[in-house]
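These notes are about the structure you will find just below.
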DNA sequence: GCGACAG
DNA sequence: ATCTTGTCGC
């Protein structure tokens, strides 16, 4: 599939933040988004080592599933190098180049992208899912495993229970329980999707495990690609 | 100034 | 993310 060319690459933290600020106005946070996506792509990245600096070997995977059956429609992997040090808030710059390469290897154009990490639930309201959404033009959401920004009440214990994730007085996402008595995930919108739809789709993608099947598939594929 | 801090 | 032993449970 087509993906917009990467903007000039930042060498410093300030440049990276400037890029986020420049791209943020391109976000579409009002469109209804895909109510019934037929295909959903999961994105994930695995690392080889080398700590949090630049240069670590990594593998990025994009796995397209049929949303109704959760069967794999297509897979794409790319190996590369960490393009930026790990800095909370600038996480996207670390793996974006390789992730984009994996997306370009896709023949299918998915109806929705599910990223590991966050969308607008981000200090500058421009997390990885926003970045990927703007670069591809596709609806995108983020599913994070641990808290990053904002405050939230503990959601109820049952699958489907949720509580709003708020930051500076605005709702930036939702803490969603995907399985009974299992630690919830953090869902936030990235691009061209509503929060209600995002949460409903995440639940549909996670019938048996805490994380959506899209993420689990991409995680496994990227990990396997790293050892070869 | 200090602690926290997606993956 | 990754590094890792043991442990609980289907």
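Along the chain as shown, residues are numbered 1 onward.
Heads up, the Cβ atoms here are built off N, Cα and C, so glycines get one too.
Taking Cβ-Cβ distances under 8 Å and a sequence separation of 6 or more, the neighbours of residue A:116 (Mg(2+) binding site) in its chain are A:43, A:44, A:45, A:128, A:142, A:143, A:144, A:145, A:215, A:218, A:219. Mapped onto three states, the DSSP output places residue A:116 (Mg(2+) binding site) in strand. Summarising the annotation, TrEMBL assigns Mg(2+) binding site to A:44, A:116.
The Cβ of residue A:86 (site 'Interaction with target DNA') lies under 8 Å from the Cβ of A:52, A:53, A:94, each of which sits 6+ residues away along the same chain. Secondary structure from DSSP puts residue A:86 (site 'Interaction with target DNA') in coil. If you look up TrEMBL, you'll see A:86 marked as site 'Interaction with target DNA'.
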